[in-house]
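Structure first, commentary second.
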Amino acid sequence: MKLSRRDFMKANAVAAAAAVAGVSAPTLAANLITSTDKTAIKWDKAPCRFCGTGCSVLVGSQDGRVVATQGDPDAPVNRGLNCIKGYFLSKIMYGEDRLTQPMLRMTNGKFDKNGDFAPVSWDQAFDIMAEKFKATLKEKGPTAVGMFGSGQWTVWEGYAAAKLMKAGFRTNNLDPNARHCMASAVVGFMRTFGMDEPMGCYDDIEQADAFVLWGSNMAEMHPILWSRMSDRRLSNPDVQVHVLSTFEHRSFELADNGMVFTPQTDLAILNYVANYIIQNDKVNWEFVNKHTQFRKGTTDIGYGLRPTHPTEARAKNPGNGDATPMSFDDFAKFVADYDLESVSKLSGVSKEKLEKLAQLYADPSKKVVSYWTMGFNQHTRGVWANNLCYNIHLLTGKISTPGSGPFSLTGQPSACGTAREVGTFAHRLPADMVVTDPKHRAIAEKIWKLPEGTIPEQVGYHAVLQNRMLKDGKLNAYWVMCNNNMQAGPNMNEEALPGYRNPANFIVVSDPYPTVTAQAADLILPTAMWVEKEGAYGNAERRTQFWHQQVKPPEGAKSDLWQLMEFAKRFKVEEVWPAELIAKQPELKGKTLFDVLYANGQVDQFPKEQSKGEFNDESESFGFYVQKGLFEEYATFGRGHGHDLAPFDQYHEARGLRWPVVDGKETLWRYREGFDPYVKAGEGVRFYGKPDGRAVIFALPYEPAAEAPDKEYDMWLSTGRVLEHWHTGTMTRRVPELYRAFPDAVLFMHPEDAKARGVRRGEEVIVSSRRGEVKTRVETRGRNRPPKGLVFMPFFDASQLVNKLTLDATDPLSKETDYKKCAVKVVKA
């Protein structure tokens, strides 16, 4: 077969990805079929199923199966390339243990919490599920039911879930697994700017003079963006890359200034940089005077542990996010304590490296982009870390302009589009609205055509609190969708598993595979995956992308959207709402939650014939274009309020659009005149999320971690991902090539630490914390190179549950878990 130049370039990209992953190029190349004139394969576009980068892929289907994928050459995000995981997308749906029937724990044909899983029909599954939810609502009320959702939900799945829980069941006990990864970014954005999500976009990469990575291993976690950054760095000798982390990883290979710091001391480093800018008269006074204000945050705010935990009990201001106005002079005095000498000593980073970092930010001629992911966010002071990074960009005016700005990268395909924008958090509604604001609740009730007072004002249980409430018997009917929280959540032994197995609780898990979470449940519902349904994701740069259903799911598997809407038919309003609420809209009497929420004259207004895809199972089932109706109703929340989304049909034609989309035009840089339609002529910059248009510069101190090494537990443990696997490995470990490339988790350890324990590379060790232990093998070489005193272990391996070890400490403001810092000991097995 003769290859075109484009095919040749793609083959080379595949070979490069294969070399990184340690698999053979021919294996990959067999999965790369590119030309429809040479095959009978049908091609269509879809965003990648994995991380939050938002790469677009072309999906090839044949005979009812996805048989090939390739990078979309017309996609502005990835420009025809995929990472190693993306090249194997065609195989994620075809694991041998794919679930195709609901499975219920039973003994002698009846539900039994301690019984074995047995197949049941969908009607039987919904019968027992509705029985348990109704009984819980009747006995204990809405606060005893809950749902744990996902940043992998499609936009309309998350929206349908939010309506069912917050309006239908009248509970805010809905939270996404994005609580574990993006909540600190959300609260950081809201505190500083009054609006969520980055102001810049990926176009910054090609225009920046320097990049600073704070707790982000982009080389493995966001490899397509890393390839664009590498191209920028290697094609221009004046471009710099600075990398900060608690251990060396692959991103250090490109670093001009690599810094390994003691865990938690990034807070001090950030304050040092701000101090350097002030001391060296590098403040952009015109910007600061026009566009910022200064506030001092409350300190000693605790660690989000149970109130009875000794560490939490010592906190003077647990969970207090208040801040008081202060002057610039007072702010300058505050950060003056973070001088070069003391911060170098505290952090373990040399003075030379710290000063080089500070000089970069302070140089007015250098355009700088700061990137971060879980190193900042999974942090007991993650909100503070986000705020302190914004301080640096605000002090220098390097923000909301091409090539300069702070940028929080996301780890899931729709953590932004679904969890954040739709508002599937326990405290949120769509478009940055919150349940605690009566005006916001009134807006939602009006759009949803609901009686006043339907949506409760109480913030629901967040992710970590949900596990605690399950254990304590206060949350009894619980639905988990599109995540594997038993493996991914913290402190599995003490908090997660006891709650799932509590006899008072009924746990439902919707998943395509029998995950660790599914195996701990009472009822498992088999779900459709990725292009087996029509979907939409929102990526890290505010880009919303759509795709059509391209193949049918296995017979018996149903999408999360279908499950949510079909389950709603099981409830009459009289069974879930008080009589006084129904009396406000008597026409709702006798109707089901499906009628009220999804057949309300808005969601069901578009005929199913408008769907352009070859398949649309949900629309066929319900008789109207479900996805379009849900999206257009949802989009009402943000239009005219800085969260504008384009009309539904426009997204199917485009490779995504970055909101706000006004008059058909997307926005690349927010808050800047000439780019953002919400900034008027003459304003220059306006942070319109704040009433006065001014962003906040916060005075926030260094505070220690919730748990640190001591004499018995003498090492730091950090967890995370590797290139070849995604999160808990539910999909990637079922791809043979990816499994072979990295089959089992290992403990990355400094050679001298291993030697001191009498352990050689490849030997088994037992890693234990105050909460549990796991057995694994030691790796003293390779991609991750921890300093002495710290070990790193990925969490993708279901046979080595590293979250038996982790502490369920959270940022008290965002409630996001700190997976990067707990104390362990390592002994030879």
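Each Cβ is built from the backbone N, Cα and C atoms, and glycine gets one as well.
Here's what Swiss-Prot has on this protein:
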| type | residues | note |
| --- | --- | --- |
| BINDING | Cys48, Cys51, Cys55, Cys83 | [4Fe-4S] cluster binding site |
| BINDING | Lys85, Gln152, Asn177, Cys181, 214-221, 245-249, 264-266, Met374, Gln378, Asn484, 510-511, Lys533, Asp560, 719-728, Asn803, Lys820 | Mo-bis(molybdopterin guanine dinucleotide) binding site |
| BINDING | Phe795 | substrate binding site |
| DOMAIN | 41-97 | domain '4Fe-4S Mo/W bis-MGD-type' |
| SIGNAL | 1-30 | signal peptide |
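Distribution of Swiss-Prot features across the structure.
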residue	record	Cβ within 10 Å
Cys48	[4Fe-4S] cluster binding site	28
Cys51	[4Fe-4S] cluster binding site	27
Cys83	[4Fe-4S] cluster binding site	28
Lys85	Mo-bis(molybdopterin guanine dinucleotide) binding site	24
Glu248	Mo-bis(molybdopterin guanine dinucleotide) binding site	20
Met374	Mo-bis(molybdopterin guanine dinucleotide) binding site	27
Lys533	Mo-bis(molybdopterin guanine dinucleotide) binding site	30
Val722	Mo-bis(molybdopterin guanine dinucleotide) binding site	25
His727	Mo-bis(molybdopterin guanine dinucleotide) binding site	23
Phe795	substrate binding site	23
Using a 10 Å cut-off between Cα atoms, which of these binding-site residues sit near Glu220 (Mo-bis(molybdopterin guanine dinucleotide) binding site): Cys48, Cys51, Cys55, Cys83, Phe795?
Cys83
Restricting attention to the domain '4Fe-4S Mo/W bis-MGD-type' (41-97), give the mean pLDDT.
96
Just counting, how many other CB atoms are there within 10 A of the CB of Glu220 (Mo-bis(molybdopterin guanine dinucleotide) binding site)?
20
Looking only at the domain '4Fe-4S Mo/W bis-MGD-type' (41-97), how are its residues distributed among DSSP helix, strand and coil?
6 helix, 20 strand, 31 coil
What same-chain residues, at least 6 away in sequence, bring their CB to under 8 Å of the CB of Cys55 ([4Fe-4S] cluster binding site)?
Pro47, Cys48, Gly71, Asp72, Ala75, Val77, Asn78, Leu81, Asn82, Cys83, Gly86, Ile224
So of all those binding-site residues, Lys85, Glu248, Met374, Lys533, Val722, which one's Cα sits nearest to the residue listed as 'substrate binding site'?
Val722
For Cys51 ([4Fe-4S] cluster binding site) and His727 (Mo-bis(molybdopterin guanine dinucleotide) binding site), the CA-to-CA distance in whole Å is 9
Which state, by DSSP, holds Val722 (Mo-bis(molybdopterin guanine dinucleotide) binding site): helix, strand or coil?
coil
Secondary structure of Met374 (Mo-bis(molybdopterin guanine dinucleotide) binding site) (DSSP, helix/strand/coil)
helix
